[in-house]
């Protein structure tokens, strides 16, 4: 058994359903401390829903920038991940206990096998191998781990980022270990994500008997033209990195349950997934103006889940793409599709954020799994990425002014 597989199995065996870390961070901190990492717990949230957060950084001597004495030449690379997992679903539908890591048919089965405990294990072992070969690197190494990514994402990475920003800790590069591959580890890298903006709309009517519509006001009938217009709106055309912004209804509630009562109100939940061609403020303004134009009596509450972010080609993508090519022979596709991740918080303090992990076909599913070969390939890609960033740092140090 490889060290990566062994650590992955240790993590999967801990039933860390959000926000319970189930001891994962203690295990990882014990692994990082001998490598010279200073481990800080930044736990947050109410006692009954306490979120576990770990910030671990390996100090490195600061070297003045040869071209700008006011800056340092040492860059910081952060691995960001989450130890929490989603609930298992019906246990009887699993082929094996989801928290008893099981190997069969060349795969590792268990909740978190793909999302994302194998990514964490792969990066830890990649660090160990990298530091064994390069005990005094010219890059600073750090990890940001939380047990609140699959849940509200209020007391996890967001809190750590705020604390790092407040004390002036800088991050230059970040790899988020989310499962990004389509078929084989390395075939896709996420170099950005769309923003997410949710709204809850309450449309007020007047309840009444369905046989006397003249004595009532049906909020569903009133809202339908506005909803049709929202659904038909072209918000933007996207760009070379992002598809067009989309607006979707997720829930619609109205009525008393009786078939002879006109409802007094209608409640609608909707969501925008928006590109860098749009902004949250502009989308909010458009929706509110449209509702006013349709003469609705309404209340509208907004929740901004995250702004879009994009990492254009630079040092990190170059290091990652070279690592993937050397390890797998693949030319990674760059994509911004899919849901959101904690990268949306880290992008506030880090200019280069990418996501790289194993295939995502089984995430959140019954019998979640990952190929054993993908686990080792991911570890090697992470290690090669660190080696490439180290080579870049050495080259920059010797470059003439």
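Cβ from N, Cα, C; glycine included.
Here is what Swiss-Prot says about this protein:
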- 82, 115, 178: Zn(2+) 1 binding site (BINDING)
- 84: active site (ACT_SITE)
- 115, 150, 364: Zn(2+) 2 binding site (BINDING)
- 149: active site, proton acceptor (ACT_SITE)
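Structural mapping of features recorded in Swiss-Prot.
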residue : record                       : DSSP class
82      : Zn(2+) 1 binding site        : strand
115     : Zn(2+) 1 binding site        : coil
149     : active site, proton acceptor : coil
178     : Zn(2+) 1 binding site        : coil
364     : Zn(2+) 2 binding site        : coil
Residue among binding-site residues 82, 364 with least C-beta crowding, 10 angstrom cut-off: 364
Residues near residue 115 (Zn(2+) 1 binding site) in space but at least six apart in sequence (CB under 8 A): 85, 86, 178, 179, 360, 363, 364, 368
Residue 84 (active site) and residue 150 (Zn(2+) 2 binding site), distance between Cα atoms, whole Å: 7
Rounded to the nearest Å - Cα separation of residue 82 (Zn(2+) 1 binding site) and residue 149 (active site, proton acceptor): 6
Neighbours of 115, 150, 364 excl. site residues, C-beta within 8 Å of centre, Zn(2+) 2: 85, 86, 112, 116, 363
Spatial separation of the residue listed as 'active site' from residue 149 (active site, proton acceptor) - C-alpha basis, Å: 7
Cβ-centroid neighbours of Zn(2+) 1 site 82, 115, 178, 8 Å, sequence order: 81, 116, 119, 149, 150, 176, 177, 179, 341, 357, 363
